[in-house]
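Features reported for this protein in TrEMBL:
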- 1-20: signal peptide (SIGNAL)
- 57-83: transmembrane segment (TRANSMEM)
- 95-123: transmembrane segment (TRANSMEM)
- 143-163: transmembrane segment (TRANSMEM)
- 208-225: transmembrane segment (TRANSMEM)
- 231-250: transmembrane segment (TRANSMEM)
- 292-327: domain 'EF-hand' (DOMAIN)
- 332-367: domain 'EF-hand' (DOMAIN)
- 394-421: coiled coil (COILED)
- 429-464: domain 'EF-hand' (DOMAIN)
- 468-503: domain 'EF-hand' (DOMAIN)
- 533-552: transmembrane segment (TRANSMEM)
- 564-584: transmembrane segment (TRANSMEM)
- 605-625: transmembrane segment (TRANSMEM)
- 631-652: transmembrane segment (TRANSMEM)
- 659-683: transmembrane segment (TRANSMEM)
Amino acid sequence: MATLQLVAIITLLVLVKVQSRTIKLSHQELVLNHLELNSSILSPKAINSTEHTCVHYYGFLPCATNVPGFIFQIVILEYLLLVGDKILTKGRQQLFSFLGVGIYGATVFRILAVLPTIVLVLASGLAQNKEAAQARIENGAGTLAGSTVFYLTLQWGICVVLGRTKVTKESPQSTSTTTGFSLVKKRLSIFKEYGVETDQKTSYTAKIMLLSLIPLIMVEIADTFKSRPWSHIVTLMVSVSALVSYFVFLSRHQWIQERSLEYSRDQLLLAGFLNHLQKFAKRRLVNDEGQVDVSCIKRVFGTIDKDNDHFISKTELNAFLANMKSGDLELDEKFTKEELMKHFDKDSNHLITEDEFVSGCEKYISEAQKIVADKNPTSRKYLPSFHKMVQPWIERKKNKLAEMEKQLSEILNTAQNQQLACLLTDGKPDETKIRSLFDEFDKDGDKKMTASELKGMIMKKFRSVKLDHDDLVEKMMKAFDVNNDKELHEDEFTNGLKKRLSSDGNNSHFIDECIEKEKGNIKKLSLRSLMKALLRVVIGIAIVSSLGLPLVNNTQLLSERIGIPSFFVSFVVLPFAVNFKTAMATIFPASQKKEGASSIMFSEIYGAVFMNNILGLVTLVGLIWARGFTWVYSAEVLVIVVISAIIGLIAFRRIKYPLWTCIVAFSLYPLSLLLFYIIRYIVGWK
């Protein structure tokens, strides 16, 4: 579905009516101007001048020369950027779940999380004309500031509102008559009594986020003393050192990576459970009006409740989850069972009632409707950690093989004394006799025995023994057919029968061989899944990177046409596109209203802010130093420092965020714009 939407948008962009002009061939100057306009794709004239010139990026993207056209293009380009970021996020999470904690989780995973913002900062300074690039790089600075402020105000506040629980004990009720003042005071007490509770590790990540302000403060100090260009070099060195130190810290303290991995697994669990429930129900869980089909969920409950005692026990839940998958590989079994039991079993009696099951399913479905904007089933294909996934699967496979071997041995041992004695010499299997038996029933002499030929042999040799011939054929084919070609070769038949006629009855070696073969199949499947994740990352990077230039250019032209500084447009508009996916992903963990989920969620926000501040500053200062621009972005940096310091200190000094803190966070968003206006246009500090 997402692919179809992308194709539809691109088609619309190609077919949309665009501005053009008539070229008179006799007018040499106009012809030269036209050729000049189309001589460059990546650096067109529109981005090298301040004129409102209509140029088609990449030869097919539309252009505009008026305000409605600019707004339309910004909306479309932001949507495409959102699609690209969604694909990129999907791919990087799959890679993280597949590779687990390590170098990738400490470095590449963090960089890809803020890549859209970095691309927009880079795109703002890529114009060939230095004057035009200096003017447009304010878009990059605005996007950088807007992203950090978005994380710590709107997204942070939403998480507090959605994750609120009672964090303080109720105060004793006064026996005096309730007055109007006391009634108002009681209603306002909700802002103190309710909030979000995190843990000490979340406070620690907030402290790390505060450390990202050091290079930003250095830039402000250097600008005050006008110590350029060496100040840029020193700032770059300090920022890069901070970034590398952060990567090393994440590599050595893997609990931060594990939190990020758990953050992804929460979404993985939601998607996997609903996919499994949908398949199990064999009908839609939501009707055409968007309402949950309660009767369908109740029927599923009745199916899971095997003993009809109106409860789902752990055993019954485990049986229901036996084949639960998300994407191409199975979910981590232990994690899945524990988390789902916590989710459904509200009274902690290790039994799930019908009402608890319906309520839990409704909550999952409701959250999925909020999180997943498209209805593409591939959007839920997240991979769990490989090493945690394989072991439970192998144990189950061993148990199944052992059970099958036991049944097969019992059948052959029952018949051995009566019908198979001729295949033994001195109590041991005789290979020559077994091969003679194979040749006797290999009717066409092709050294292969089909299922029908095997059944004919069993019916003749075990005629006097009461056996389920079809069942025995199926078990022997599964046990003997090593290469899975649905036929038994002479060596397969001989070796398989020899092992099972041995007096020791030890089949552990055979089982291990089967397990090794299955491990090989898993590795092939895992490699295919890894390639899919890598492909998503590559496609996501390509989409995001290609949209940076046209989006920044249209933002600049819009701000020039309506007569407002480009900072305000880039500060408000662009961060919504690059951070919308991340903000929506926090809804599910926040609504769980659990300390663990809240801690993980806020830790992710602080980690994103650190990367945004440091990597964004490295990109911005690097552009300015490399191209010899004048530093006029102290106001933007000061906004980042003030907002990060306020929220960072709140998070560092307390593990409980009362509900009133969300009011502070929300109010800081418009105040940050006001602060920028005062610093830049009233104080005049650039």
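Here the Cβ of each residue, glycine as well, is placed from N, Cα and C on the backbone.
All TrEMBL annotations are machine predictions without curation.
The transmembrane segment (659-683) shares the most Cβ pairs under 8 Å with 631-652, out of the stretches 57-83, 533-552, 631-652.
For the transmembrane segment (605-625), the residues of the chain that approach it from at least six positions outside its boundaries are 110-111, 113-114, 117-118, 121-122, 125, 137, 140-141, 144, 147-148, 151-152, 155-156, 159, 202, 205-206, 208-209, 211-213, 215-216, 219, 229, 232-233, 235-236, 239-240, 242-243, 246, 256, 260, 582, 586, 631, 633, 637, 640, 644, 648, 651, judged by C-beta separation under 8 angstroms. Taking pairs at least six residues apart, the transmembrane segment (208-225) and the transmembrane segment (631-652) share three or more Cβ pairs below 8 Å and count as touching.
Confidence over the domain 'EF-hand' (292-327), given as mean pLDDT on the 0 to 100 scale, stands at 79. Break the domain 'EF-hand' (292-327) down by DSSP state and the numbers are 18 helix, 4 strand, 14 coil. Through the fold, the transmembrane segment (143-163) approaches residues 114, 117, 120-121, 124, 195-196, 567, 570-572, 574-576, 578-579, 582-583, 586-587, 589-593, 597-598, 601-602, 605, 608-609, 612-613, 616-617, 620, 636-637, 639-640, 643-644, 647-648, 657, 659, 661-663, 665-666, 668-669, 672, 676 of its own chain, all at least 6 residues removed from its boundaries and within a Cβ separation under 8 Å. Shown for the domain 'EF-hand' (332-367): DSSP residue counts in helix, strand and coil, namely 26 helix, 1 strand, 9 coil.
Sequence-remote contacts of a segment are chain residues at least 6 beyond its ends whose Cβ falls under 8 Å from one of its Cβ atoms, and for the transmembrane segment (564-584) they are 74, 78-79, 81-82, 85-86, 89, 113, 116-117, 120, 135-136, 138-143, 145-147, 149-151, 154-155, 158, 370-371, 373, 551-552, 555-556, 558, 608, 636, 673, 676, 680.
Residue counts for the domain 'EF-hand' (429-464) under DSSP, split into helix (H, G, I), strand (E, B) and coil, are 22 helix, 3 strand, 11 coil.
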